[in-house]
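Worksheet: the structure to be examined is printed underneath.
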Amino acid sequence: MGLARALRRLSGALDSGDSRAGDEEEAGPGLCRNGWAPAPVQSPVGRRRGRFVKKDGHCNVRFVNLGGQGARYLSDLFTTCVDVRWRWMCLLFSCSFLASWLLFGLAFWLIASLHGDLAAPPPPAPCFSHVASFLAAFLFALETQTSIGYGVRSVTEECPAAVAAVVLQCIAGCVLDAFVVGAVMAKMAKPKKRNETLVFSENAVVALRDHRLCLMWRVGNLRRSHLVEAHVRAQLLQPRVTPEGEYIPLDHQDVDVGFDGGTDRIFLVSPITIVHEIDSASPLYELGRAELARADFELVVILEGMVEATAMTTQCRSSYLPGELLWGHRFEPVLFQRGSQYEVDYRHFHRTYEVPGTPVCSAKELDERAEQASHSLKSSFPGSLTAFCYENELALSCCQEEDEDDETEEGNGVETEDGAASPRVLTPTLALTLPP
């Protein structure tokens, strides 16, 4: 079996080496692992890149070749005990109690043996009463540490070493009990299971909101208890090659979800849609629908907050691949008013509907088109809007001056054929200078 496994590993290593060599030949002369980065950055066609963070929040990372891992874990024993699984924790604590009883049982047996309590004719004043074998010494250690006190075995005043051993075992037993109880309570109060009632939508959507392309996903809290100081974060992970030729397998880029405006802090009583505006600072600024389908990245979303019952911080994670970003979709409403109350229907939590007329181009192209349209609109006017208003105001003032002159002439009167002075009828005219 060992030889077959070794052969399989060797063949796998050779195959991987051949594939890497073939990739380097296709890419041409480039930088290799000893300082040169591979030329291709995008994943091969037809190959799906594995998730860095799974949908349930677990990180798809495995640590290998760690030097001194056991010593590092033992140096932080309490955290190690809290992080391990329950079965290993119970096994560790059972072995700890058993080792403690065996250790002090051996100490009691040695004290009794050195005093001569195990001899055929027992001494008149033994160190321990009714302790004549190792099994009896083990039972005495168990009864002492657990405070069972059956009333048969006991320590006498004959041996000070025996009294000191009993005192030492009581202290060690208290310390061990405190450690075990603290670790168990910390593990039980760990807010890890709170994440089971915090959910993310299965897909994220890209649609227009307030005339801007936005990336949106939904979060919800299934419990009636609130998540205190809840806030969201997001990061985009993708491979990148720097201008210096350094290849970064997973480059972390922050995705703005309203940190500056405070919209990243949410009141998670009902499901909320998190919005990322795709602007010039967004890593998705140059991606349209077609480019998004061919992109190679992973969007990691994080929800953090304090559990209301324990005030302990919890973190819920999920991720979205490009295939899980639905372009031109919106989420169905989940909050409805029923009488004097609001009702949340989680049947619609993951559902989306298509929005006709959503542009398929990138946000950058939309901004360029809007800028071109504004330039063409401005070029159609010979002057600015201020100049246009000023010309109309000037024409209106001139018209008012003409009216005043006419009123003066009207006061003097104009003679008619019969010699009577008749008033002059004036028709004011507003001269507006309109742009061509």
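The first residue you see is number 1, and the count goes up from there.
Backbone N, Cα and C define each Cβ position, glycine as well.
Here is what Swiss-Prot records for this protein:
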| type | residues | note |
| --- | --- | --- |
| COMPBIAS | 400-418 | compositional bias 'Acidic residues' |
| INTRAMEM | 134-150 | intramembrane segment |
| MOD_RES | C81 | S-nitrosocysteine |
| REGION | 14-43 | region 'Disordered' |
| REGION | 400-436 | region 'Disordered' |
| MOTIF | 147-152 | motif 'Selectivity filter' |
| TOPO_DOM | 1-83 | topological domain 'Cytoplasmic' |
| TOPO_DOM | 111-133 | topological domain 'Extracellular' |
| TOPO_DOM | 151-159 | topological domain 'Extracellular' |
| TOPO_DOM | 188-436 | topological domain 'Cytoplasmic' |
| TRANSMEM | 84-110 | transmembrane segment |
| TRANSMEM | 160-187 | transmembrane segment |
In the same chain, who gets a Cβ under 8 Å from the transmembrane segment (84-110) while lying at least 6 residues past its ends?
118, 128, 131, 133-134, 137-142, 144-145, 162, 165, 168-169, 172-173, 176, 180, 183-184, 187
Sequence gap of 6 or more, Cβ distance under 8 Å: name the residues on the same chain that satisfy this around C81 (S-nitrosocysteine), in order along the sequence.
M89, L92, A183, K187
Can you count helix, strand and coil residues in the topological domain 'Extracellular' (111-133) using DSSP?
5 helix, 2 strand, 16 coil
Residue list, the topological domain 'Extracellular' (111-133) vs rest of chain: Cβ under 8 Å, 6 or more residues beyond ends.
140, 152-156, 158-159, 161-162, 165
Can you tell me whether DSSP puts C81 (S-nitrosocysteine) in helix, strand or coil?
helix
Just to be sure I understand, if DSSP states are collapsed into helix, strand and coil, how many residues of the topological domain 'Extracellular' (151-159) fall in each?
0 helix, 2 strand, 7 coil
